[in-house]
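Q: Okay, handing you the structure first.
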Amino acid sequence: MLVIVKEDYDAMSKEAAKIVADRIRRKPNLVLGLATGSTPLGLYKELIRMHREEGLDFSKVVTFNLDEYVGLPPEHDQSYHYFMWENFFKHININPANVHIPQGMFGDLKISPYETDPKVEAYCQWYEEQIKKFGGIDLQILGIGANGHIAFNEPGSSLGSRTRIKTLTEKTRQDNSRFFKSIDEVPKYAITMGIGTIMEAKEVILLANGENKADAVKAAVEGPITAMCPASMLQMHRKAIIILDKKAASKLSAEFIYYG
Ligand code: PGA
């Protein structure tokens, strides 16, 4: 793991954008894994600036998003489809045919702890096959939850998991309820790439900023590899770059940190 600590959120975002832009310039048809949430917004803003001012070309870039809520239509302002188009895609020259975001609408679902609805299962398999069809993800962007989750792989998720439907924890639903009128409106399920899916990306950049991520970052970087902190699995990744602001790095004790 390469851990880079930057002064603040802005510097963290620019560092990540520099790496993403470098990978796109080396490989114009880069397969780029993308994340939602407040963390990557600064990265997207900087990539949009690079597109406008420096001609960074997304026309051949292929994207795969990590996750989507189940039950929200793409035009819902809390859906991850809406988030990606509003905050990134509509501002760059991406080819819409190259954008992949998990589907969230499946109609009525029968979900029990022992069985997945066959249409969801077939869809998740299809999503995994699409990733393979494009040769796998070259670079995956990740945030981290305060509980150590990556994408919607909550603590306890199988470290070998693939794209599937997950029940959101009460904590995650409460955390995300700030964006909805009430907690009852927060979806109960999401489709998410699995930890196994994420681990197959050739390179991974995990971003974290702010004090409320410091414990999760410490557990991910210095703790044991455990399903209780899904991000700790990145210790097994061959090419993981962790870019932090000083607050998110404040509980790290390791000496291998690079203060860029
Ligand atoms: P955040 O979410 O970027 O909004 O903090 C990160 C996550 O939950 O993975």
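Quick reminder: no glycine exception, Cβ is built from N, Cα and C everywhere.
Pasting the relevant annotations from TrEMBL:
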type: DOMAIN; residues: 10-239; note: domain 'Glucosamine/galactosamine-6-phosphate isomerase'
type: ACT_SITE; residues: Asp67; note: active site, proton acceptor
type: ACT_SITE; residues: Asn147; note: active site, for ring-opening step
type: ACT_SITE; residues: His149; note: active site, proton acceptor
type: ACT_SITE; residues: Glu154; note: active site, for ring-opening step
type: SITE; residues: Ser157; note: site 'Part of the allosteric site'
type: SITE; residues: Arg164; note: site 'Part of the allosteric site'
type: SITE; residues: Lys166; note: site 'Part of the allosteric site'
type: SITE; residues: Thr167; note: site 'Part of the allosteric site'
Q: Pop the Cα-Cα gap between Asp67 (active site, proton acceptor) and Glu154 (active site, for ring-opening step) into the table, whole Å please.
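A: Counting only the Cα atoms, the answer is 12 Å.
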Q: If I take the alpha carbons of Arg164 (site 'Part of the allosteric site') and His149 (active site, proton acceptor), what is the distance between them in whole Å?
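A: Their Cα atoms are separated by 15 Å.
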Q: Roughly how many Å lie between the Cα atoms of Lys166 (site 'Part of the allosteric site') and Ser157 (site 'Part of the allosteric site'), rounded to a whole value?
A: 9
Q: Cα of Ser157 (site 'Part of the allosteric site') to Cα of His149 (active site, proton acceptor): how many Å, rounded?
A: 9
Q: Asn147, Ser157, Thr167: which of these recorded positions has the highest Cβ count within 10 Å of its own Cβ?
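A: When each Cβ's neighbours within 10 Å are tallied, Ser157 tops the list.
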Q: Between 0 and 100, where does the mean pLDDT of the domain 'Glucosamine/galactosamine-6-phosphate isomerase' (10-239) sit?
A: 96
Q: Quick check for the class: what is the C-alpha distance, in angstrom and rounded, between Asp67 (active site, proton acceptor) and Asn147 (active site, for ring-opening step)?
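A: For Asp67 (active site, proton acceptor) versus Asn147 (active site, for ring-opening step), the Cα atoms are 17 Å apart.
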Q: Sort Glu154 (active site, for ring-opening step) into helix, strand or coil using the DSSP assignment.
A: coil
Q: Run through the Cβ atoms and count how many others sit within 10 Å of the one on Lys166 (site 'Part of the allosteric site').
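A: Taking every protein chain into account, the count is 22.
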Q: So, in DSSP terms, is His149 (active site, proton acceptor) helix, strand, or coil?
A: coil
